[in-house]
Amino acid sequence: MTKFALVGDVGGTNARLALCDLASGEISRAKTYSGLDYPSLEAVVRVYLEEHQVTVNEGCIAIACPITGDWVAMTNHTWAFSIAEMKRNLGFAHLEIINDFTAVSMAIPMLKAEHLIQFGGSAPVAGKPIAVYGAGTGLGVAHLVHVDKRWVSLPGEGGHVDFAPNSEEEGIILEELRAELGHVSAERVLSGPGLVNLYRAIVKSDGRLPENLQPREVTERALADSCTDCRRALSLFCVIMGRFGGNLALTLGTFGGVYIAGGIVPRFLEFFKASGFRGGFEDKGRFKAYVQDIPVYLIVHENPGLLGSGAHLRQTLGQVL
């Protein structure tokens, strides 16, 4: 008889829940709920389990915020809860709450060739560290290492490291954003809001007044080639994505590959392919040769957060992935 566990991927707007076959890791019956419609994450879980008429004893839910102890307070939502209390209320024998990029990193060993698009480099080296990052509402970062037949995710808040410009144009962008924001992190340029920041800084540096655009509008105008400033912003976004990925590769020697997740890049995939992304990735001066062979992959799996939550739970329960 198939034994299922609950898995979830929760962001600032939506909560996506599904079932994971504990034997195979297969994800099924995924459903998305608006977080605004429910008073708590526990309430969403109860609705899901009731709708699907299923009883589970284990669960793993990935959330887009730091997880540092029993108390979880979401960054972009009002939900806050005790993991132990939620586990007790739901009657679970085991409940894991993990960072969203912990889940994405744990999905990587489960991905198949059709879930990936490669951008340069050679083949990954088995057993070597892996990096994963992704731009969305913010900039998520994690690393993954293989130790004693177990995958160990190393989450953090790498999206909040300093934005490090490496060209005259990027330096001008930094000065414009510093005057407006104070500290300028990588997330301030590598995210949906970050794309708008790039556009605004480009326009303001030319002494003009920027329009009040949304990230989608910047992307659409860039792809339609109807706005030079938007096209410059999107081009610069791709280059800086490359630089940041190259920095991750240098930091931990990620010869197992660098993986890009998040919902932004797939929206302009052809533009990204033709951009200066890989050039930015390899632009490491004396260490260009070090990163040249490191492959970069775009994850195109529909639900890497759910897949990785299931993988994390299965490994925690004693399975070898």
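Each Cβ is built from the backbone N, Cα and C atoms, and glycine gets one as well.
Bear in mind that the values here come from a model prediction, so they are computed numbers and not experimental data.
Database features, via Swiss-Prot:
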BINDING   Gly8, Asp9, Val10, Gly11, Gly12, Thr13  ATP binding site
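Listed binding-site residues: Gly8, Gly11, Gly12. The one with the lowest count of other Cβ atoms within 10 Å of its Cβ is Gly12. In three-state terms derived from DSSP, Val10 (ATP binding site) belongs to an extended strand segment.
Sequence-distant contacts of Asp9 (ATP binding site), defined as residues of its own chain at least six apart whose C-beta falls under 8 angstroms from its C-beta, comprise Ala15, Arg16, Ile61, Ala62, Asp100, Ala103, Asn303, Gly305, Leu306, Ser309. Fewest Cβ neighbours within 10 Å among the binding-site residues Val10, Thr13: that distinction goes to Thr13. Sitting within 8 Å of the Cβ centre of Gly8, Asp9, Val10, Gly11, Gly12, Thr13, and not among those site residues for ATP, are the Cβ atoms of Asn14, Ala15, Arg16, Gly35, Ile63, Ala64, His77, Asp100.
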